[in-house]
Amino acid sequence: MQMKRTAFFISDGTGITAETLGQSLLAQFENISFVKLTRPYIDTEEKARAMVQQINNAAESDGARPIIFDTIVNRDIRAVLAQSNGFMIDIFATFLSPLEQELSADSSYSVGKSHSIGHNSNYMDRIEAVNFALDNDDGARTHYYDKADLILVGVSRCGKTPTCLYMALQYGIRAANYPLTEEDMERLQLPNALKQYKHKLFGLTIDPDRLTAIRNERKPNSRYASFAQCEFEVREVESLFRRENIAYINSTHFSVEEISAKILVEKGVERRFK
């Protein structure tokens, strides 16, 4: 039986930093099932006391201490949380103290510093990249491809849209995507809209059985979702990628984070921010 533990990601800001680092660390423990709870904007002692009650309830229910990842700046609020029956990992204290020593400087200990608009010059790049991904989704527009950093190509429902949006949000990458249709495959060549941008193309493919399952959620029992159709499209699009010398990866067993990282490395595209 798989062990179960509760994990809290607690912050006086958005909770993004605590959640991102906490998720990465917990992923290393594959034999433990974690109930993950994000609690942003715990910015008063009253809210912290309410959190202590939640943590203690989880400890009693699980029969084990919850794991707490926090990025709380205020020492008084942290002191309240420390009274809980949880195992606390103070992310700022863990990393900032050694950095202060190395840099011979005091940190600002500012709430929400890494994700605030006022202190983040990348905010508009992020918004523009997301708008670009949405405007150029699914081959809807092709006349802005000259402004794209990347153009993802592949069969319908292989993961192009979420990958484009993730790269936009996380790295400010302007990524368009174009679905290759049965008609495109029958021509045995790239669509005209893509030919002059071949250097920007990256292919996504997927296992036919997985594609069938995804398409059946959208159009059950249709030819579009049949295994025979999915197998045909995947086979033909992979043949097209090889013929046109377009790099591609199979998205079946990778997360959107892994897919995005592999694409950027393969294409040598620099992230606008990190």
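Every residue, even glycine, has its Cβ placed from backbone N, Cα and C.
Copied over from Swiss-Prot:
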{"type": "BINDING", "residues": "GLY154, VAL155, SER156, ARG157, CYS158, GLY159, LYS160, THR161", "note": "ADP binding site"}
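Positions of Swiss-Prot features highlighted on the structure.
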{"residue": "GLY154", "record": "ADP binding site", "Cβ neighbours (10 Å)": "27"}
{"residue": "VAL155", "record": "ADP binding site", "Cβ neighbours (10 Å)": "27"}
{"residue": "SER156", "record": "ADP binding site", "Cβ neighbours (10 Å)": "17"}
{"residue": "ARG157", "record": "ADP binding site", "Cβ neighbours (10 Å)": "21"}
{"residue": "CYS158", "record": "ADP binding site", "Cβ neighbours (10 Å)": "28"}
{"residue": "GLY159", "record": "ADP binding site", "Cβ neighbours (10 Å)": "22"}
{"residue": "LYS160", "record": "ADP binding site", "Cβ neighbours (10 Å)": "27"}
{"residue": "THR161", "record": "ADP binding site", "Cβ neighbours (10 Å)": "17"}
LYS160 (ADP binding site) in three-state DSSP notation | helix
Give the sequence-ordered set of same-chain residues, not counting GLY154, VAL155, SER156, ARG157, CYS158, GLY159, LYS160, THR161, with Cβ within 8 Å of the centre of the Cβ atoms defining the ADP site.
-> ASN177, PRO179, LEU204, ILE206, SER251
